[in-house]
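Quick look at what TrEMBL annotates:
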- 21-40: transmembrane segment (TRANSMEM)
- 52-74: transmembrane segment (TRANSMEM)
- 81-99: transmembrane segment (TRANSMEM)
- 105-126: transmembrane segment (TRANSMEM)
- 138-159: transmembrane segment (TRANSMEM)
- 214-235: transmembrane segment (TRANSMEM)
- 300-328: transmembrane segment (TRANSMEM)
- 340-358: transmembrane segment (TRANSMEM)
- 370-389: transmembrane segment (TRANSMEM)
- 395-417: transmembrane segment (TRANSMEM)
- 429-451: transmembrane segment (TRANSMEM)
- 457-480: transmembrane segment (TRANSMEM)
Amino acid sequence: MWWDERVSARFRRNLQPTLTYWSVFFSFGLCIAFLGPTLLDLRCQTQSSLSQITWVFFSQQFCLLLGSCLGGVFKRTLAQSLFALFASSLAISVVFAIIPLCHNVVVLAVVMAVAGLAMGCIDTISNMQLVKIYQKDSAIFLQALHFFVGFGALLSPLIADPFLSDTNCILSNSTANASSNLPHIRKSLVPHHPGNLSHYDLPMKGMVVTRVSYAFWIMALINLPVPIAVFFLLYKERMVPCFSSSSHPLLSADELAMETRPPEKDDLSTSAQRPPAAGGHDDLFSCCQSKNFRGASYTYFAVHITGALVLFMTDGIVGEYSGFIYSYAVEEPLSVVHKVAGYLPSLFWGFITLGRLISIPVSYRMKPATMVFINVVGVLITFLLLLIFSYSVVFLFVGTASLGLFLSSTFPSMLAYTEDILQYRGCATTVLVTGAGIGEMVLQLLVGSIIHDQGSYSFLVCGMIFGGLAFTFYSFLLFFHRMYPKPLADLDDASPDKPAVTDDTGQYQR
């Protein structure tokens with residue numbers, strides 16, 4: 001294997017929980033990408049207008065953000081985390097199954113809000129649990145985790161595509177003109193920004209003809225093994241109520257030695273100088289309590305804030321670029337044919353998924369800080385070249401692929417880097433997940449408004465500004481990392497078998 005024996009042994013000890021968290025993130029990806037392609041068919045199903053159906057986007061995104069904030073509530077015990085993941089992954093299958101039964105846009109928005117809450121919990125808890133298990137070795141496993149969300153996000157539109165309506169799915173006397181523009185309308189829909197699509201005459205009354213229900217039922221079945229996998233993990237850990245009286249599995253001799261080994265002197269001195277605020281991974285509201293701030297240095301807060309701001313910008317770029325690249329391409333000066341421009345969002349997400357796959361082995365050889373630096377510099381340079389060659393359709397495709405590669409590993413690398421700075425004792429996971437979610441929602445709304453007022457060229461200008469801000473915030477993070485108090489002795493470098501912190505045994509922690 002291309003990683004060393006220590007990491008390999010640790011992975012084997014935690015194989016089932018690791019695979020379970022990866023599968024749960026596949027469920028997250030499956031749910032995050034289906035709404036865009038299917039929105040017009042859902043509009044027909046609910047017999048609503050374009051402006052009404054785009055509120056379904058908002059309900060999902062807002063509740064995803066809320067779920068990310070609340071996800072840390074379930075971190076207190078492993079049982080709480082696993083039960084939350086079981087409920088969330090099962091809720092996603094249930095949501096897929098009942099979406100075809102929602103014939104009112106308000107009911108559909110409520111159902112998507114439930115899906116958003118489940119996705120937010122999955123996002124926070126899965127990242128948090130992998131960091132807890134692997135700590136200093138978590139970077140490679142976080143990269144794999146985020147590959148699975150990309151894989152799920154690629155799969156769900158492919159499942160939906162054969163069942164999407166080729167003509168307007170509400171039959172009336174005025175369907176002919178709208179049907180000819182349906183592919184353009186479908187690819188131009190983004191949250192809260194139907195934009196200049198309002199002049200298209202899409203009927204709201206008539207006979208509904210759509211087969212999209214089959215796509216949702218297929219996705220419900222594909223997702224069903226995920227909650228089953230979480231249930232089996234609960235069963236293995238003796239956390240299913242009917243098995244709660246059973247004894248826990250015995251540890252092997254080597255694992256027992258790791259569990260019972262007393263903390264060494266240097267570990268005690270290390271933990272003694274950690275700031276009192278660094279009490280562990282909490283939910284966002286617990287992190288903001290004043291009692292957690294006592295004795296913490298300003299660099300403790302600065303690391304959290306600057307790390308979240310970097311992801312606010314980079315995840316915001318992912319949201320706004322995937323949402324508006326089609327609209328930018330079909331407008332002047334490029335005026336790309338609608339069918340050709342439709343490949344751009346798929347190309348972008350495809351290279352994000354490819355980049356996450358490549359990052360799995362790369363992250364073992366390269367430090368997270370270096371990977372984030374390459375990412376933010378690459379994003380900045382790509383936007384600069386896109387501005388310089390703004391009249392080149394070929395470079396638009398090249399730049400879109402390049403941007404997907406550079407953005408692909410930013411989140412897991414930043415999470416691993418920030419947690420490493422804080423010695424796995426702060427609120428980094430919750431704060432970073434929340435910051436990324438806010439950025440993806442806010443920057444998409446902001447860019448949509450700017451494009452509507454200033455024209456399509458402002459799309460690249462906004463990306464350049466956001467990339468520059470991401471680089472600036474990362475530079476501040478590097479500065480605060482240098483200022484952050486370090487342990488008296490870092491024995492991890494000297495002894496590869498030494499745990500990262502005193503309670504890190506390499507075992508799956510209950």
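Yeah, the Cβs are placed from backbone N, Cα and C, and that goes for glycine too.
Worth saying up front: this structure is predicted, and the values here are computed from it rather than measured.
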Contact ranking winner - 21-40, 81-99, 138-159, 300-328, 370-389 against the transmembrane segment (340-358), Cβ under 8 Å: 138-159
Folded-back contacts onto the transmembrane segment (81-99), same chain, C-beta under 8 angstroms, at least six residues removed: 20-21, 24, 27, 30-31, 42, 71, 74-75, 108, 111-112, 114-115, 117-119, 121-122, 125-126, 128-129, 213, 216-217, 219-220, 223-224, 226-227, 230-231, 233-234, 237, 239
Beyond the flanks of the transmembrane segment (429-451) by at least 6 residues, Cβ under 8 Å: 61-62, 64-65, 68-69, 71-72, 120, 123-124, 127-128, 131, 190-193, 195, 281-284, 287, 304-305, 307-309, 311-320, 323-324, 327-328, 411, 414-415, 418-419, 458-459, 462, 466
Long-range Cβ neighbours of the transmembrane segment (21-40) (under 8 Å; 6 or more residues past either end): 53-54, 56-57, 60, 85, 88-89, 92, 95-96, 112, 115, 118-119, 122-123, 126, 129-130, 144-146, 148-157, 159-161, 164-165, 169, 182, 185-186, 189-190, 212, 215-216, 219, 222-223, 225-226, 229-230, 349
Candidates 138-159, 214-235, 395-417; stretch with most C-beta pairs under 8 Å toward the transmembrane segment (300-328): 395-417
